Amino acid sequence: MTDAEIENSPASDLKELNLENEGVEQQDQAKADESDPVESKKKKNKKKKKKKSNVKKIELLFPDGKYPEGAWMDYHQDFNLQRTTDEESRYLKRDLERAEHWNDVRKGAEIHRRVRRAIKDRIVPGMKLMDIADMIENTTRKYTGAENLLAMEDPKSQGIGFPTGLSLNHCAAHFTPNAGDKTVLKYEDVMKVDYGVQVNGNIIDSAFTVSFDPQYDNLLAAVKDATYTGIKEAGIDVRLTDIGEAIQEVMESYEVEINGETYQVKPCRNLCGHSIAPYRIHGGKSVPIVKNGDTTKMEEGEHFAIETFGSTGRGYVTAGGEVSHYARSAEDHQVMPTLDSAKNLLKTIDRNFGTLPFCRRYLDRLGQEKYLFALNNLVRHGLVQDYPPLNDIPGSYTAQFEHTILLHAHKKEVVSKGDDY
């Protein structure tokens with residue numbers, strides 16, 4: 001399925017974002033190097049003034065508080081159109097009651113689109129992953145007004161939805177740099193960029209893949225096509241296994257040639273899309289990317305992240321590597337830690353993140369020091385869950401694309417769609 005098959009809502013328009021007029025600083029070193037050498041020398045002798053980024057808080061850009069709708073798609077299953085009049089009225093009433101919720105989701109989606117428009121062309125080989133993560137997250141903080149959690153009355157009201165995933169090559173997910181990481185993005189790398197925005201706990205989860213070497217183009221095309229196939233198949237009363245089957249069929253129809261070797265693109269069969277719940281990135285339902293026999297159905301009003309991962313490896317990931325991602329446990333544990341440091345850290349986590357995922361860098365930013373022992377203590381007590389990087393076999397390459405969708409009574413809304421993917 002292609003992007004052209006998705007019909008944009010007139011209200012959405014998803015128009016180009018003139019970020020230059022909003023004052024987003026563009027660091028284009030290449031152009032500076034190509035400038036006249038005499039003028040360049042003069043400029044270097046002048047005192048450099050740091051440009052101030054004027055990314056505006058999103059509320060200032062939409063003073064009426066109404067945010068653009070996503071791209072609308074019809075349900076293609078007949079049974080979604082067979083509602084009785086009473087049922088139609090009931091679902092319409094529910095949609096009206098959910099208006100504030102939908103608007104929060106759309107607000108997060110608009111921020112996500114603006115952030116990726118600001119950063120996508122600035123991701124180039126030679127950058128440290130740490131700098132890429134900071135660029136994405138600081139832009140998100142500026143749009144959401146969550147630049148200083150310590151100064152916010154409610155740090156969980158809106159801001160970053162989860163740590164920025166910057167997973168390279170055979171690592172498919174759950175990698176973000178910890179303090180001191182010096183990893184540099186290379187021309188031959190394939191990097192999954194997965195970041196989130198949340199407004200009142202309503203999370204936008206959307207991801208894309210960056211590569212520079214054209215030999216990976218077919219890998220990215222396969223995964224993007226598979227993701228849109230999943231979006232097309234999704235709908236009220238649709239069985240999850242049927243979505244996975246459709247995704248698998250499309251993904252496996254692609255081949256990619258890398259360094260003279262031809263590989264079938266395989267779905268990473270133990271990675272899934274998922275429903276999203278308030279302040280919980282994984283809401284309870286998993287959307288497979290292979291046929292798995294799960295007859296659970298999607299329901300009206302649900303909020304899903306449809307994501308697919310394709311690999312040139314075995315199509316199966318295992319956990320391994322230094323942990324960076326954490327989240328408060330979904331289970332209600334009565335046992336509390338005995339260490340004072342662990343108790344204090346838990347209070348910091350509860351106040352600033354609640355059940356939203358976080359990473360070590362976020363604790364660093366809050367001024368936490370020497371907290372790793374306390375954090376591991378919380379993990380051992382089951383109060384915090386750690387999420388190690390997920391890897392296919394070394395030497396393989398993985399790609400990811402993802403969108404957040406809303407299931408309305410009569411249509412689905414691809415709320416995070418932009419003009420880029």
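The count begins at 1 with the first shown residue.
From the backbone N, Cα and C atoms, a Cβ is placed for every residue, glycine too.
Residues annotated as substrate binding site in Swiss-Prot: H174, H282. Residues or ranges marked as divalent metal cation 1 binding site in Swiss-Prot: D194, D205, E402. The divalent metal cation 2 binding site annotation in Swiss-Prot covers D205, H274, E307, E402. Swiss-Prot lists 28-40 with the feature compositional bias 'Basic and acidic residues'. For 41-53, the entry in Swiss-Prot reads compositional bias 'Basic residues'. According to Swiss-Prot, the phosphoserine annotation covers S35. Residues annotated as region 'Disordered' in Swiss-Prot: 1-53.
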In terms of DSSP three-state secondary structure, what is the assignment for D194 (divalent metal cation 1 binding site)? strand
Cα distance, E402 (divalent metal cation 1 binding site) to E307 (divalent metal cation 2 binding site), nearest Å? 4
Tell me, which binding-site residues from H174, D194, H282 are within 10 Å of H274 (divalent metal cation 2 binding site) if we use the C-alpha atoms? H282
Checking the binding-site residues H174, H282 for other Cβ atoms within 10 Å of each Cβ, the smallest tally belongs to H282
Alpha-carbon spacing, E402 (divalent metal cation 1 binding site) to H282 (substrate binding site), which is rounded to whole Å: 14
Which chain-mates of D205 (divalent metal cation 1 binding site) that are at least 6 residues away have a CB under 8 A from its CB, listed by sequence? G161, F162, D194, G196, I276, I281, A305, E307, E402, T404, S416
Here the binding-site residues are D194, E307, E402; which one has the lowest number of other Cβ atoms no more than 10 Å from its Cβ? E402
H274 (divalent metal cation 2 binding site), number of other Cβ atoms within 10 Å: 19
